[in-house]
């Protein structure tokens, strides 16, 4: 019997990687749809942060003004936390032998990870929608133009995609779900809290303040706030600095930089696992 | 690692063995291949779906493969037979590009597994231990996913999926999540996925391990159908009857080395023609029975101390059986039941891997194990019939040595208890 020739799609190259990545993403999303519990659990976390920060800390940090300020930080934090799904998802595929199944198929090496980061990007879009609705409930509003708001969401999604590649690297290094679960979480707290996402960096000690100022999470939060037209109340207003003045550009640069660094690391790691 | 290792093995062929095999005297320290292994001719590529030469692979200190040679002609089925940890799965993983060999070369469907892995992957299907189905996807979605990833367009993939569901009797369950499937259904789905792109070469890694008899039958039928269509199949198994039923040729692998290869009948012939198994009524007469049977030919009888049955290999079929019964009658040993049967692959396997070596005299793996309650040496031979084959080297003086009892073979036989049958 004649083998079916490697068929419709080109055998390799970026086009095939994207095509196969989309197919894997479709499969991942089907998985998510069949496990609504995990999706709901994933959505509860940012909602909890909104409510905790808005009402536990918000009162002493500026009340209504703070709640409006808060949401930019919540968006940046929520999509950063979604990187742990990428880590767990990839580790679980390896655990269950799905990666072996994929590796024996004539598909480009990068597409399994690309598929995972794409489906997690979709998940981040859902997260943003739900947290935005919650934000509206606590008093947050888009105060700028609609176009800027769209830009704000797009910027946060680009950042989400970038962080997903960090998560992919963690998952591929961890190789087991248990390790990915803990390793995928520990780095998320410092990276999201040593930032200006929720407070001003002014009160932080010297070195921490520098880190927080240049933290991509800070940049993304600040850029989102400015694109949504949310002014910072005096108590939490960031001191002027280069990353604050060029928040949007710097945030975008950070996202692209993270992708440029972690994409090859993740794919290389996958390849090394693939080689056995 | 040089791919072409010097081969020192003799070109012993697996003809119908009429003489005891040259057995590697007391179990060699795995220096060279078993003499049963004929040399693999230089891989020509022509007409060969799989060819591997000197594959080696180690994991840390552990040598998984110590130089595996395989040749599978296009359209045939190779059974890779071996116990757990023999190197079967490692071999499959190398041939399916999932693992790089440390040394050696392998070509699958005409492409080098290391140099052209993508070309290999486009032409193979893999199913078994290390393949998987996505439990949250339905059977249809699983197959569609695999078909798409083989490069098919949406419509082609859908059509293929429908065909596969039908062919593997998954139609009714097509739209249920596969996580709820029985083991057999899941394995069928996995197998269907391996065949989604009509691969030239299919690798089945222990396709029936863990399946109930019905699931096993289903899988066997699927494999047989596959073969009927001309697909080349390499299947690994620990089940000798599976290799016997499905494979054209069998390579026995142990400790990362192919220790024998041939067709099932060849392998069986290589360890001696047939087996006479009999049970004597009076336990006290077992020793005498062994004596009488030992006198018949070059092969040592083996007593299973648990069941009390005595087994001896012979090349003379019913003649030998008749002689055996006559000589037992002459010794006044009453026999309760008796069977003459060709050796099973269990016999082959145990012989080759050193479990027992009852097929040849003087090469006992358990020297010194003397028969309990054995009569004085030399008592038996006088009763031997004239037709008993007895090479000059195994005269009465060796009678004591022949009484070697193989526990392992014995229990193996006992386990298969029901196999007693007369053969015309």
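Easy rule for this one: first residue shown is 1, then count along the chain.
Glycine is no exception: its Cβ is also placed from the backbone N, Cα and C atoms.
Please treat TrEMBL annotations as automatic predictions, because they have not gone through curation.
Remember, predicted model here, so these are calculated numbers, not experimental data.
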Checklist outcome for this item: Candidate ranges A:5-24, A:185-204; TrEMBL annotation transmembrane segment resolves to A:185-204
Checklist entry - Between A:37-57, A:113-140, A:185-204, A:247-267, who has the most Cβ pairs under 8 Å to the transmembrane segment (A:69-92)? => result A:113-140
Checklist outcome for this item: Ranked by Cβ pairs within a distance under 8 Å of the transmembrane segment (A:113-140), the first of A:152-173, A:185-204, A:247-267 is A:152-173
Checklist entry - Can you name the far-off residues of the same chain, 6+ from the ends of the transmembrane segment (A:185-204), with a Cβ under 8 Å from a Cβ of it? => result 53, 57, 61, 70, 72-74, 76-77, 80-81, 83-84, 170, 211-213, 215, 217-218, 221-222, 232, 235-239, 244
Checklist outcome for this item: Per the Cβ filter (under 8 Å) with a sequence gap of at least 6 from its ends, the transmembrane segment (A:247-267) is approached by 109-110, 113, 151, 155, 158-159, 161-163, 165-166, 168-169, 172, 216, 219-220, 222-223, 226-227
